[in-house]
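What TrEMBL records for this protein:
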| type | residues | note |
| --- | --- | --- |
| SIGNAL | 1-28 | signal peptide |
| DOMAIN | 30-82 | domain 'Knottins-like' |
Amino acid sequence: MAPSVRSVAVPMLFVLFLVATEMGSSDAALCDKLSAGFKGYCGRDSDCHKQCVQYEHFSNGECKPTGSGFFKNSKCFCKKPC
């Protein structure tokens with residue numbers, strides 16, 4: 001006896017839902033920390049990335065603006081899984 005379309009479709013949708021939610025949660029699991037070794041203004045993400053990965057043993061690094069108004073500054077933040 002062949003299974004009905006409904007009995008196959010419901011479990012398949014459930015599996016697709018689980019896969020989609022697991023894929024989205026991996027991006028949100030990174031924590032930022034101000035670089036201890038990067039000094040001065042952070043102008044390029046590549047310089048920050050090099051400092052964080054090679055010297056501070058993090059998985060990534062990026063420049064982020066800090067401060068407010070006209071006097072915004074950019075600092076190097078290292079990233080790692082939480």
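Using the three backbone atoms N, Cα and C, a Cβ is placed for every residue, glycine included.
Over the domain 'Knottins-like' (30-82) the predicted model carries a mean pLDDT of 93. Per DSSP, the domain 'Knottins-like' (30-82) is made up of 11 helix, 21 strand, 21 coil.
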